[in-house]
């Protein structure tokens, strides 16, 4: 898609399209022909006038045969008072799949083009309605898996992140102006305090480093954690999954090897989205089906974000438990947990936390310990603004460039050497907000949006 604003008209279904997913479906149209297409398809009831930002009631008719396609509400928003700053028409019809698909087909036949993923938001960006951080926040709000992740997305949508990045970029621009003035007119200007310039650059660098750290924590709040529960047979892995989820998700029996395949369950622990993986008990077995389950279990905990190694407190820690712990890949956060504390008398050998999946004893401590192990405090309460991965990469690149600029100062190099990396830092921050952006980057950002946004 070109960086120039488009002059064609686009359309898409803006709501879930799965059958039965909702009672209302919306077809959104944006562009210079939006109102004309609406007038061609929509027959208002009575003598309602076509006023901007007023809701009209009526029917959509097929121009080919006059058949009524759906009973709808129509919302007209004339440019520039719309999300895209183009004229926008929305048909609000009945949910399901058939009627809304037919309505979209009629809109496309009337002259609109099927919108690409994120194209409505891209037009809002290109037309100056919002900067790139706000546009990305829309996508993050839609995909938020927890309340805290949604709150962080709203902070970005409100412009907090844009203001913070622009303030840091302005500080760097001020320093660049001072340095470039000395390069061109040093004899005509008072001497520049190089130490003060370095201090200003270091302050911005430290602020960027903190934003990157916060962004990494927020990424876990957005994407969640995949946590594998592993252990020998009959240590209570399925019971723990059921206890944490609050549902009888997994079958629990006294027979070893009951769980033969991976079970997963999505939940939120202290505001953090978690996917729990209940794995087959690891042991030697001649049962081919159980062997396949064990192989899948090993693959699951090898790729998990964190591993909970569960053992039976009533039996104590064993060499088999030690062998299983050694299978966990280096660098994977590992939490050792002893289950069945309600049955344990004083076992000779213990490790890690003590819980009872049956009674619930210690589960809150387990949740907190797991999040702490992964570098998260409950719900990321200290976070006010959060960069996504693209923004983190750019902020880190800007920080590294500022480090090189300060090194040039320490090496006693002339002013113009300082400015090389300073310009790179300014460019990277501009790419975060969209002040400096390429067409390829823009396409990559908006391609991750859902269609209709």
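Cβ atoms here come from the backbone N, Cα and C positions, even for glycine.
These come from Swiss-Prot:
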- 28, 90, 129, 453: (6S)-5-formyl-5,6,7,8-tetrahydrofolate binding site (BINDING)
- 224-375: domain 'TrmE-type G' (DOMAIN)
- 234-239, 253-259, 278-281, 356-358: GTP binding site (BINDING)
- 234, 253, 255, 258: K(+) binding site (BINDING)
- 238, 259: Mg(2+) binding site (BINDING)
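Where Swiss-Prot records a feature, it is marked here on the structure.
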residue	record	DSSP class
28	(6S)-5-formyl-5,6,7,8-tetrahydrofolate binding site	strand
90	(6S)-5-formyl-5,6,7,8-tetrahydrofolate binding site	strand
129	(6S)-5-formyl-5,6,7,8-tetrahydrofolate binding site	coil
234	GTP binding site	coil
357	GTP binding site	coil
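Taking the C-alpha atom of residue 238 (Mg(2+) binding site) as reference, the shortest distance to any of the binding-site residues 28, 90, 129, 357 belongs to 357. For residue 237 (GTP binding site), the nearest neighbour among the listed binding-site residues (28, 90, 129), judged by C-alpha distance, is 28. Between the CA atoms of residue 90 ((6S)-5-formyl-5,6,7,8-tetrahydrofolate binding site) and residue 357 (GTP binding site) there is a gap of 51 Å. Comparing local CB density within 10 A for the binding-site residues 28, 129, 237, the maximum falls on 237. Its Cβ taken as reference, residue 234 (GTP binding site) is surrounded by 21 other Cβ atoms within 10 Å in the chains shown.
Separation of the C-alpha atoms of residue 129 ((6S)-5-formyl-5,6,7,8-tetrahydrofolate binding site) and residue 357 (GTP binding site): 52 Å, rounded to the nearest whole number. Across all of the domain 'TrmE-type G' (224-375), the predicted model scores a mean pLDDT of 75. Within the group of binding-site residues (90, 238, 357), the Cβ with the highest number of other Cβ atoms inside 10 Å belongs to 357. In this structure the alpha carbons, written CA, of residue 357 (GTP binding site) and residue 28 ((6S)-5-formyl-5,6,7,8-tetrahydrofolate binding site) are 49 Å apart.
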